[in-house]
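This report concerns only the one structure given below.
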Ligand SMILES: Nc1ncnc2c1ncn2[C@@H]1O[C@H](COP(=O)(O)OP(=O)(O)OP(=O)(O)O)[C@@H](O)[C@H]1O
């Protein structure tokens, strides 16, 4: 899709908010905007009493975007009162800080990003987190992938996090990693609601009201793309660095470049690129094949002057391990596949980044 985020915003600026008379963007109605090859998604946060006129604005916005040639436009309308909330937290009205704020007890925050979905960002995050834990680091993993939280499954964690004092949320822990996920705050079939207005608030709660304890490093598994979650995270807290995961395919690389540009604009250092699904290693015979091509990420990294942290092979065991709730670093720590992730962890520690 050749339509840019800018094009989308410009189109939305031509639609009037029937309540304030401003355009939708100026009225702050467009939330969690994601523009990628799957289309355009965003949320309009509305006053439920104004649902009828707002529905007209929503339909107009959708029609305008479709007229740009965008096939899939998904505009969800939500109201604060209608969204299910995470544990009701009392007495926690925080003064809204203007700039980024440190997360108490957390020494460093590293974001793991990808330009597009399905490149293995969550798999990489889970394995880096467990590999850092294996090196003796105190590690947290925040699953901020609102469009498909997968860390509970990958780390084999179930249950709802408790909030005994109604002020803080107790994270869960497995394989030496302290973990919190938006996926644990919703019923499975309700995940879509997090695309709503609660999203930014929920993200802030995940950062500041979860009792992370003392951590050397908090890994944040971001949603794919360059949407509002990434911006919010970089604005609300201090991101020490970012790692961008890509597959060798051209399109994924192009998207990865957008991700890198975004972090550059946000002044977040890029620790490096990871090429995932680099080489296919047959689990029967060990034969190596470059299904998606090979070396593209290395070339791109060189071109952009960022390090290539690792090339992770496409291997069935990596998938089955994650699906089984124990990442390969935990279930087969001595396998060559696990060694790749352990190498990344050692590198991050050696560089003073984790
Ligand atoms: N190196 C790999 N070898 C084999 N399977 C892999 C590898 N990396 C990821 N996978 C599998 O690919 C699928 C997608 O991976 P994952 O969920 O980590 O991607 P993602 O980028 O986080 O996706 P999304 O952003 O859409 O959530 C999963 O089934 C995962 O087990």
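Indices start at 1 and increase along the chain as displayed.
Backbone N, Cα and C define each Cβ position, glycine as well.
Residues annotated as ATP binding site in TrEMBL: 115, 116, 117, 118, 119, 120, 121, 122. Marked as domain 'MIP18 family-like' by TrEMBL: 5-75. If you look up TrEMBL, you'll see 79-100 marked as region 'Disordered'.
When Cβ neighbours within 10 Å are tallied across all protein chains shown, the highest count among the binding-site residues 117, 118 belongs to 117.
Across the residues of the domain 'MIP18 family-like' (5-75), the predicted structure has a mean pLDDT of 85. DSSP assigns residue 115 (ATP binding site) to coil in the three-state reduction, outside any helix or strand. Cβ neighbour count for residue 115 (ATP binding site) (all protein chains, 10 Å cutoff from its Cβ): 27. With DSSP states grouped into helix (H, G, I), strand (E, B) and coil, the domain 'MIP18 family-like' (5-75) comes out at 28 helix, 19 strand, 24 coil. With respect to Cβ neighbours within 10 Å, the binding-site residues 116, 121 differ, and 116 shows the lowest count. Among the binding-site residues 115, 116, 119, 121, the ones whose Cβ sits under 6 Å from an atom of ligand 1 are, in sequence order, 119, 121. Over all protein chains present, the Cβ of residue 120 (ATP binding site) has 21 other Cβ atoms lying within 10 Å. Following the DSSP three-state reduction, the secondary structure of residue 122 (ATP binding site) is helix. Residue 119 (ATP binding site) counts 24 other C-beta atoms within 10 Å of its own C-beta, drawing on all protein chains shown.
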